[in-house]
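Structure first, then comments.
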């Protein structure tokens, strides 16, 4: 038996031949990281320089760099799909945790909206192509092709652990990651400049606005052309409304590409690697409390969003603006307070849970934790800046008190939710459903089971007619059989509560993502921070940090789906 155990142990170990070929693993990773760092710094320099008029870097220079990067990535992806992945022994194993269905589904959803945005961009720039550089029209076309090719690549290859062309694959993946981050930086900057222009147009006349653009503010080259037709205005407003989806697409793609980069050359022990299976059990084994409460929060948030947009962006009266801000803060305070309480309750339930911690190496889980902690820093920064401005400013009114409460609850909610999700990511999958499988399979194979008949066939342990059990065999009592029939039908109450909590948090995070993504941003409409930090510093802080907060909500939704649903 010892020889059999030894043989089985050796047969489960990964083959040593492919592993011995890669003697430059750390060097290959370091080279790809250096390539990504240099490209990211170059893209960041061009994008940030293109946001200011006095610097001789134009937006079409940025678009030219991004177009070249996307074309190189498209060529590499085609090479990977046609050549690398089809080599013998190229993919010896797959990472079942990488690229879950809901993450890839979210990527496809954002990709569809990104394609619609590119169509709107092409229509907008084609309206006055005679006064624009050709790169302004070429860029959205190349971006649309890039989105299609990359989405297909990530859908079919997200789980690959490649073992050929290692250094080329690492550099290609890092180039893909850097390109997505550069596109994300460009989209954030373009959206911020557009919002700054829109806010400025409300307060000044068209002549003064043109003069300010010439003096110091960066204007898009399209601003200098006339967009007088109605269809041109529809294209212009449409693609700016779709920017949040393109921003989230770039971040989702970057996360999936990073996991692929970590899995290059990796071997996986499938015996210790739990393979999750997607089961649509949202409405099974629940009390519907979390779903109903979450839907109420979601519907209320959509109503608040519509009223906020109408009263703040469409009205110039300060009284309506204050009413909209009050309504927004009250809704968020209630929502964040409830989310904090249920996260604390979920952490308490974990103290009663008997599941072991999963200590296996898992790059996907490591990335999930890093993204949750890192993306929360954006909202932390905005909240702390708001707290300092509110406390140090005078006078203090109702809006300031609500804003202070909102900032404090935002910090608490992010903290408690991170603890709750991260603890769930490190828990072993429940084993309760598998304890009695071998014991119950025959019993559950019967359509109808007569418990009394079963009890008649199994003698009681104190009966004199009962034969004694064989040595080493376990005596079976009828009550044990009855219990084995009834226990699996009753789900553990802790798991029920965790499912209710996860459903409520999922729907709440969705509405807290929708509101800032579609224009409900009180940071720009509340005068306390603007007066304290100035018209240049505070918008820059929000523009840098808010996309991370929006991405945090979407990643929290994906993590909740992965752990609990």
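Along the chain as shown, the residues are counted starting at 1.
For all residues, glycine too, the Cβ spot is worked out from N, Cα and C.
Now, the feature entries from TrEMBL:
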- 1-14: compositional bias 'Polar residues' (COMPBIAS)
- 1-20: region 'Disordered' (REGION)
- 30-50: transmembrane segment (TRANSMEM)
- 62-82: transmembrane segment (TRANSMEM)
- 102-125: transmembrane segment (TRANSMEM)
- 137-156: transmembrane segment (TRANSMEM)
- 240-261: transmembrane segment (TRANSMEM)
- 282-308: transmembrane segment (TRANSMEM)
- 328-350: transmembrane segment (TRANSMEM)
- 370-392: transmembrane segment (TRANSMEM)
- 497-518: transmembrane segment (TRANSMEM)
- 538-561: transmembrane segment (TRANSMEM)
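At the 8 Å Cβ threshold, with sequence separation of at least 6, the transmembrane segment (137-156) lacks contact with the transmembrane segment (538-561), having fewer than 3 such pairs.
For the transmembrane segment (370-392), the partner stretch with the highest count of Cβ pairs under 8 angstroms, out of 30-50, 240-261, 538-561, is 538-561. Here the transmembrane segment (240-261) has long-range neighbours at 32, 95, 98-99, 103-104, 106-107, 110-111, 113-114, 116-117, 120, 147, 150-151, 154, 157-158, 160, 170, 173-174, 176-177, 180-181, 183-184, 187-188, 190-191, 194, 363-364, 367, 371, 517-518, 547, 550-551, 554-555, meaning same-chain residues at least 6 beyond its ends whose C-beta is under 8 angstroms from one of its own. With a cut-off of 8 Å between Cβ atoms, the residues of this chain six or more beyond the transmembrane segment (30-50) that come close are 57-59, 61-62, 65-66, 69, 167, 170-171, 173-175, 177-178, 181-182, 185-186, 189, 218, 261.
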